[in-house]
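The S-palmitoyl cysteine annotation in Swiss-Prot covers Cys4, Cys12, Cys18 and rests on experimental evidence. According to Swiss-Prot, the feature domain 'EF-hand 1' maps to 36-81, an assignment based on a curator's inference. Here Swiss-Prot flags 82-117 as domain 'EF-hand 2', drawing on sequence analysis. Here Swiss-Prot flags 119-154 as domain 'EF-hand 3'. As annotated by Swiss-Prot, site 'Involved in dimerization' applies to Ser155. Per Swiss-Prot, the feature domain 'EF-hand 4' maps to 163-198; the stated evidence is sequence analysis. For Ser216, the entry in Swiss-Prot reads phosphoserine.
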Amino acid sequence: MSQCVDGIKHLCTSVLGCFDLDLYKQSGGLGDPELLARDTVFSVSEIEALYELFKKISSAVIDDGLINKEEFQLALFKTNKKESLFADRVFDLFDTKHNGILGFEEFARALSVFHPNAPIDDKIHFSFQLYDLKQQGFIERQEVKQMVVATLAESGMNLKDTVIEDIIDKTFEEADTKHDGKIDKEEWRSLVLRHPSLLKNMTLQYLKDITTTFPSFVFHSQVEDT
């Protein structure tokens, strides 16, 4: 998760990317910031400032108003590796329309879960989905191992397989209270509530300061925060 957090922070300063999506021109733009503000924890001002960030990323190569996986990986993880399980998983969770590209609404709604004011249950749900690779509603041992290995690879760490297996053993020993060889949503929630530090990387304090980071919206804002 630390790789995800570092990458999201890097979004504020990185506008790298290389792709061509001429067939998917988007004209919606910012849309209704008040509606997005009601549906997320962002204020209207934060939504408009977040849109400035989105435009910088999505127009890095062509001004198409969209972000694809390659551009997302370059901005988020500073890598253009074709195979990155961790980066792919994070992108897939952002890409709620499952069309291989991100529009602003998806971008804003996904980042909302990392806001300091986001409900803890939203953070727990997102972190659960991150490990539920097969989307079966529970986490299997192999899925945990795949994500651990992928995360270590992204951070440049190399642990012996025996050490990794030991980490997984201890995780399941505590989390799998039903002793069925898997971790369901209820068990994951209980584990996280016992160990809140597991969610420490699900909160990005800088999102509260997004209007300071990208203040240009101030000059053309159409609505006021309530």
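Each Cβ is built from the backbone N, Cα and C atoms, and glycine gets one as well.
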Counted with DSSP (H/G/I as helix, E/B as strand, rest coil), the domain 'EF-hand 2' (82-117) has 19 helix, 2 strand, 15 coil
Starting from the Cβ of Ser155 (site 'Involved in dimerization'), draw a 10 Å sphere and report how many other Cβ atoms land inside it.
12
Which residues of the same chain, at least 6 past either end of the domain 'EF-hand 3' (119-154), have a Cβ under 8 Å from a Cβ in it?
1-3, 41, 77, 79, 84-87, 89-90, 93, 112-113, 164-165, 167-168, 171-172, 181-185, 188-189, 192, 198-199, 202-203
Looking only at the domain 'EF-hand 1' (36-81), how are its residues distributed among DSSP helix, strand and coil?
28 helix, 2 strand, 16 coil
What are the DSSP helix/strand/coil residue counts across the domain 'EF-hand 3' (119-154)?
26 helix, 3 strand, 7 coil
When DSSP states are grouped into helix, strand and coil, how many residues of the domain 'EF-hand 4' (163-198) land in each?
26 helix, 3 strand, 7 coil
Within the predicted model, mean pLDDT of the domain 'EF-hand 2' (82-117)
88
